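One structure is given below, represented as structure tokens, and several questions about it will come after.
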Amino acid sequence: MRSMKMPTVRYQNGDMVMGRWPGSNLYYEVKVLDFDAKSSLYTVIYKDGTELELKEQDMKNASGFQTRSRSRSRSPGRRRSQSRSPARTTRRSSSRMAAAVTTAAITDGVTSSRKDTRLKDSLEIRLSPLKSEAAVEVGPDKTQGRYNLRRRKDDGDAKPVETKPKQLGEKDAKLAAAPAASLATPLDFGGKIGAYFWLLFLPAWVLFLVLQVNLEDPSLTNFPPPLPALEAFWDAQALGFVILWILFQALLYILPVGKLSEGVPLRSGKKLKYRTNGFCAVAVSSLAVAAAVHQGVDLTYIHSHFLQLTAASFLVAVLLSVYLYVRSQYAAGEQLALGGSSGNVAYDFFKGHELNPRIKEFDLKFFCEMRPGLIGWCLINFAMALAEMKQQGLDAPSYSMILVNLFQLLYVVDGLWNEEAILTTMDLMHDGFGFMLAFGDLVWVPFTYTLQAYYLVSHPNHLSLPAVAAIVTLKLVGFYIFRKSNSEKNAFRRNPSDPKLSHLQIIPTATGKSLLVSGWWGVVRHPNYLGDLLMALAWSLPCGFSHLLPWYYMIYFIILLVHRDARDMSECRRKYGSAWDEYCRTVRYRIIPRVY
């Protein structure tokens, strides 16, 4: 038999070494308990009793480290409380508070003692990587791996106890802002090289879709579509129409009506306020469009100048992105997006350098995310219905066109009615505002999500009443799942201790956050994606099966789901460790089969 070569064990059981806390650049003294040859991970224990599995590259010999203390005259042995562990802090350690905020996956938490260990498995522990003696900070490590947090054996079962994290004082928040902004985060979308690709590919792809759907036979066998003359892309009236529409939506946004909602806390501890009057905006926009049609305005102009309107919106998105990147160079460190601070111009321009760019109280990202493109989507669909009637000689739109319009209108109106929920999404909480979101909001959404309606103008598809009923049922089921699951998620993110959510089951994690494993989120992972998928199917079915192009959104959404699922699995496993493994064992069903 071939002999198996055992890996070299650098640290032995009982050795005292310095171990890096997951997700941070801070090292603490730990004791080696065991080494797993199969996974090449060391099991270590911190002074507060927390056990983690670390890679060898995240461990260093204690010799050679220079620890920092607050006073030269006070040794660790003479400190006021020798029993303080990484999970305990003092009010006087504001500089250590600042260092704690730089740990992306850790929040301030509760005290830990020998008495607490009896309930270690049932309590939700909010750990802070601060030790009573000293903390050693080193440069960024690009090789973050998987970490497992092992709960200690319990003496009985108990219901998870929620504990609120300590709030940073104003002085501590200011001190924390600068270190937090300097954290390096993994680059996505292919990194720096990928940014160049997406900056070129996204506009080219939208151009292909617009030109292809305008063909008499939009079959992919006719690829590539003929490229029109350069002057065909420019129309001053189309640019004026786009600018006027954006200004009209901006006026509705600043109206002092509707709820003034608070966003989630920023790294500085501050909460921004948002005017969530989106439903009012779509209602007023509908009345304005109806009045314009009554006065004889020909909205079929949108169909006949679809290419020019797309080019004009692209121009506005590019100019906005340039403005956003230039102004971000003068923004304070605490105002920058961690994911858009790579130092590479192309990547930061694409991903977004500043997190929440504002002109006084006018939030540019929130406005673009919810107003001109989203409401413009409905306007374009309505114009396509009028164009179908005109081109096909109909007295009313076809059943297929009516279904596409109503389904997508319901989706938009629901989003604007629940506008406050977007404040807890990744786009608003973590992504900077750059070309990616500006292009997506102003070009991608209004000019690719309307492809079904555009297709039906020249390619009508007759539907029987039973087919209509079946498609409507599918849409309603998808919408119900989508809305209920998103409402659960939003309510839980905003206030996990809400008595109305006391029936929900959770899995505590070492970061201080909890994983929801009941309600719709206990049935299947990402149930909101399931609802989205069913609704996307209902949007595409009215177009029939003659061509692949109207099924573009369905195909695009599946690809997006695969990307998000892979990203979420990797990020959550890195962030939550063994708690995520337990979540995966608890919630086994997936929307997308594992293909990575």
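Just so you know, glycine gets a Cβ as well, placed from its N, Cα and C.
As annotated by TrEMBL, domain 'Tudor' applies to 9-67. Residues or ranges marked as region 'Disordered' in TrEMBL: 57-113, 135-167. Residues or ranges marked as compositional bias 'Basic residues' by TrEMBL: 69-82. Look at TrEMBL and you will find 95-107 tagged as compositional bias 'Low complexity'. Per TrEMBL, compositional bias 'Basic and acidic residues' is recorded for 152-167. The transmembrane segment feature in TrEMBL is assigned to 195-213, 233-255, 276-294, 306-326, 437-457, 463-482, 503-524, 536-562.
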Given the transmembrane segment (463-482), which of the listed stretches 195-213, 276-294, 437-457, 503-524, 536-562 has the most Cβ pairs that are under 8 Å apart from it?
536-562
Summarise the model confidence on the domain 'Tudor' (9-67) as a single mean pLDDT, whole number.
80
Quickly jot the same-chain residues contacting the transmembrane segment (233-255) by Cβ under 8 Å, restricted to those at least six beyond its ends, or write none.
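Same-chain residues near the transmembrane segment (233-255) but 6 or more away: 275, 277, 280-281, 284-285, 288, 301, 305, 307-309, 311-313, 315-316, 362, 367, 371-372, 375-376, 379, 442.
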For the transmembrane segment (536-562), which recorded stretch in the set 195-213, 276-294, 306-326, 437-457 gives the largest number of Cβ pairs separated by under 8 Å?
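When the Cβ pairs under 8 Å are tallied, 437-457 comes out ahead.
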Any chance you could find the range in 276-294, 306-326, 437-457 with the most Cβ pairs under 8 Å to the transmembrane segment (195-213)?
437-457
